[in-house]
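To start, the structure itself, in structure tokens.
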């Protein structure tokens with residue numbers, strides 16, 4: 001859909017108009033203008049109780065005196081000074097739902113007049129677009145009967161004062177790029193595991209080179225990884241007939257060609273049955289989402305290339321499968337990682353860290369400015385934080401602060417977990433340098449502590465998205481998180 005920012009006299013708009021009204025008869029500035037233009041029409045509707053201003057109410061007006069608009073959407077927003085970001089999202093969703101039912105093709109929105117604490121018009125517009133695009137998303141590639149794609153709404157105009165239009169246009173640019181990145185991440189993550197295997201993931205990575213001439217892609221197969229001594233990564237893949245493949249996506253657009261790159265590493269378990277430590281059958285189908293870390297890194301790289309930010313960024317998609325088979329690795333096995341450290345396997349379902357530890361060692365060759373890994377790593381993180389905040393662990397205070405700031409800017413929320421030396425005690429093994437699990441307590445933290453052993457040569461952060469990467473129930477599907485958070489982080493780094 002086309003988004004734009006313009007400033008047009010209310011009396012001259014001949015398409016469709018969206019106005020905000022609040023409880024207790026309060027009107028937004030443009031709603032006041034409309035009331036004056038229509039000789040008190042809106043005031044009379046409030047007086048007789050037709051318009052309440054309560055959140056969730058959307059009233060459609062037609063044939064209004066002194067107004068050329070086809071329709072006026074009067075949107076109830078609740079208490080003017082108590083609107084939260086969550087409520088703002090709900091207001092946008094309800095408004096779009098109503099508009100689509102009318103078959104309107106063009107709308108002019110004044111909802112950016114809604115005031116939110118510590119938010120500006122840039123945020124209002126950007127968040128509105130991301131919400132609108134999310135409401136349009138559907139994944140029906142494998143359905144014989146496709147969803148309704150016949151919406152006639154093709155232009156959404158934000159009415160913005162001239163002095164704010166440059167900022168509004170920048171918000172539109174950012175929002176559209178991020179929304180595209182989120183969509184691509186969702187599409188890959190929602191794809192079934194009989195289609196989306198490590199080779200498919202690598203093919204998607206290679207397609208990015210066609211999207212942008214700033215991107216080059218290298219794919220490492222099992223032969224190349226064996227030559228690099230990535231035996232921990234390869235052990236996880238032993239039970240699968242599908243070859244493990246690690247895709248390295250290089251984006252280079254920094255004015256200084258020698259500038260150190262930012263590296264993003266995504267866990268790409270295209271299906272995780274748990275291996276010999278087999279998972280319960282209930283909801284095992286959702287383990288196709290164990291590659292959401294890689295999918296989100298793909299989405300970020302897509303958004304990055306669309307925005308052409310002046311950065312050097314490398315995205316790594318660490319793809320493989322963890323399945324039970326006569327060739328599968330076993331509890332009790334001792335693996336030698338690429339770093340040389342040995343790991344005793346106590347549970348084959350704690351496989352993500354075994355893949356990531358070698359990927360995190362591999363990226364040392366790029367002499368990175370910093371490294372962020374993204375992974376659906378632990379159920380313990382879901383127990384600790386639920387499904388609203390991603391878990392953040394970091395060895396660098398400044399990096400942690402920057403990521404939390406990006407999370408706050410985008411509402412792609414994250415919460416920092418501790419990382420102190422005591423947690424390493426839980427990872428001790430009688431037979432190897434490390435055990436791959438740390439016992440029952442603090443599982444999300446001990447998983448991060450395990451990875452920290454392989455990140456000593458650069459600033460590092462870890463995002464555990466096990467609780468935020470997908471939804472369950474009637475709204476089942478990938479969320480595309482944390483594409484928004486990480487893209488905002490990169491935008492901030494480029495300034």
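Cβ coordinates come from backbone N, Cα and C, glycine included.
Copied over from Swiss-Prot:
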- 279: active site (ACT_SITE)
- 353: active site (ACT_SITE)
- 267, 272, 290, 351: Mn(2+) 2 binding site (BINDING)
- 272, 349, 351: Mn(2+) 1 binding site (BINDING)
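Considering other CB atoms within 10 Å as the measure, the emptiest surroundings among the recorded positions 267, 279, 353 are those of 279. The subset of recorded positions (279, 349, 353) lying with their Cα within 10 Å of the Cα of residue 272 (Mn(2+) 2 binding site) consists of 279, 349, given in sequence order. For residue 272 (Mn(2+) 2 binding site), the number of other Cβ atoms no farther than 10 Å from its own Cβ, over all displayed protein chains, is 26. The subset of recorded positions (279, 349, 353) lying with their Cα within 10 Å of the Cα of residue 267 (Mn(2+) 2 binding site) consists of 353, given in sequence order.
For the Mn(2+) 2 site, the Cβ centre of 267, 272, 290, 351 serves as reference, and the other residues of the chain with Cβ at most 8 Å from it are 236, 268, 269, 287, 291, 322, 352, 355, 375, 376. Non-local contacts of residue 351 (Mn(2+) 2 binding site) by the CB criterion (under 8 A, 6+ apart in sequence, same chain) comprise 236, 269, 272, 274, 275, 322. In sequence order, 349 are the recorded positions from 290, 349, 353 with a C-alpha within 10 Å of the C-alpha of residue 279 (active site). Taking only the Cα positions, the spacing between residue 349 (Mn(2+) 1 binding site) and residue 290 (Mn(2+) 2 binding site) is 12 angstrom. A separation of roughly 12 Å, to the nearest angstrom, links the Cα atoms of residue 353 (active site) and residue 290 (Mn(2+) 2 binding site).
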